[in-house]
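Below is one structure; the comments refer to it alone.
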Amino acid sequence: MHSSIPSLGRVMVFLAAALASASFAIPEDWGEEGVQYGQLGTDVTLSCPGAHASSAVRWRRAGAAALPEGSVIQQGSLVLPSASPALGGAYSCHGEDGSLLHSVSLRLGHLPGVPFVSCRASDYENFSCSWTSSVETFLPTRYITTYRKKSLTGEEKRRNKNGHVGLCVQDPSRPGTCTVHRSEFWSSYRLNITEVNPLGFSYRLLDVTMQAIIKPDPPEGLVVEPIPLAPRRLHVSWKYPSSWPKEPHFQLRFRLQYRPVIHRSWSVVETVNLSEVITDAFAGLEHVVQVSAKDFLDAGNWSEWSAEARATPVRDLASTAREETTTYARLESLAEEPSQAPNPEPINGSDPLEKMAVLVSLGIFAFFILTAVLVITILIWLRMRKHGKDKTKPSFLVAATHLKALPKAQIL
């Protein structure tokens with residue numbers, strides 16, 4: 001969701017309210033006494049409070065015979081130009097007689113960067129935000145986390161003329177997170193996450209709407225069970241996540257994914273119930289199942305997938321019985337036929353498909369033989385029929401043919 005950038009004046013008012021409401025710590029509270037913080041890459045000046053303006057001051061660095069190269073002493077203070085990480089450590093200033101006037105431990109780092117912030121609501125009553133620093137500062141860091149409701153009712157405007165700024169409560173057991181309690185599902189909020197270290201601060205303003213950031217926790221109590229006498233079915237059940245208050249007007253819908261463990265692709269179904277029957281499982285194969293949840297009205301995002309649950313559908317009883325009967329018959333036949341000599345041929349354990357192929361081949365061969373016999377029979381029958389017709393010609397036709405063949409004189 002795109003948010004408009006507020007004017008500089010409004011940002012400063014909001015930030016000032018945040019700092020005032022969060023007991024902002026002063027720099028002296030950042031570390032032990034005698035620690036000075038400096039910014040890397042800049043000139044760092046170490047002062048010597050015990051020195052007199054007219055007296056000479058000598059500076060020493062613990063563990064080193066000489067001061068860092070390029071350092072200078074100006075009016076009793078030690079100036080370290082373009083400070084690098086190697087210049088950190090303990091320094092001390094001394095009087096002309098060598099007496100210790102002051103000691104300081106120098107810690108170098110960077111200014112805070114703008115933090116990366118994301119927010120999520122695991123239910124419709126609260127939402128949490130988490131953040132990470134965008135810059136490794138090498139310095140102690142604290143965070144000030146506040147929020148302001150963007151759209152106020154008339155009564156809220158009268159009660160909070162300057163805008164209500166509340167604390168996004170940080171949990172010490174979960175660093176980098178804070179929670180806004182009793183938030184309103186249909187409202188929008190502006191979060192201010194301010195990163196502070198001894199050198200300064202930086203902040204991120206983030207506009208959030210509950211409907212956009214709602215993401216339930218994964219469903220719990222997932223159970224998968226085979227169904228007796230149903231070799232392709234599994235019964236799956238689960239419960240609402242404990243973090244989601246189950247109210248009539250805020251329901252969840254669910255997404256179920258499952259597959260045999262030996263397969264990679266998932267099958268997915270959606271439901272509004274707390275149980276589902278898988279009807280296309282593979283008999284005898286172990287299946288893995290997971291479930292996730294989303295707001296019933298499609299607000300926000302799907303939850304993460306639940307932990308896996310596994311189950312194996314029952315095997316088909318008929319096929320199992322046939323396999324057992326076949327196996328028993330084979331064992332019996334082997335036991336009843338004693339072997340006179342070792343048989344190098346393997347036991348015939350051919351595949352049913354192979355047997356079927358042999359039967360089909362024999363059937364085709366028999367068909368061609370029968371066809372050939374039938375054709376030969378028909379040809380013989382036609383020949384015999386033609387020969388019979390020649391023998392049964394009428395006698396007068398024979399006599400006429402004979403007379404035609406005699407000479408004319410003989411006929412007269």
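Cβ atoms here come from the backbone N, Cα and C positions, even for glycine.
These features come from TrEMBL:
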{"type": "SIGNAL", "residues": "1-25", "note": "signal peptide"}
{"type": "DOMAIN", "residues": "41-105", "note": "domain 'Ig-like'"}
{"type": "DOMAIN", "residues": "218-315", "note": "domain 'Fibronectin type-III'"}
{"type": "TRANSMEM", "residues": "356-382", "note": "transmembrane segment"}
Tell me, roughly as an integer, the mean pLDDT over the domain 'Ig-like' (41-105).
89
Go ahead and report the DSSP secondary structure tallies for the domain 'Fibronectin type-III' (218-315): helix first, then strand, then coil.
0 helix, 45 strand, 53 coil
Taking DSSP states H, G and I as helix and E and B as strand, how many residues of the domain 'Ig-like' (41-105) are helix, strand and coil?
3 helix, 26 strand, 36 coil
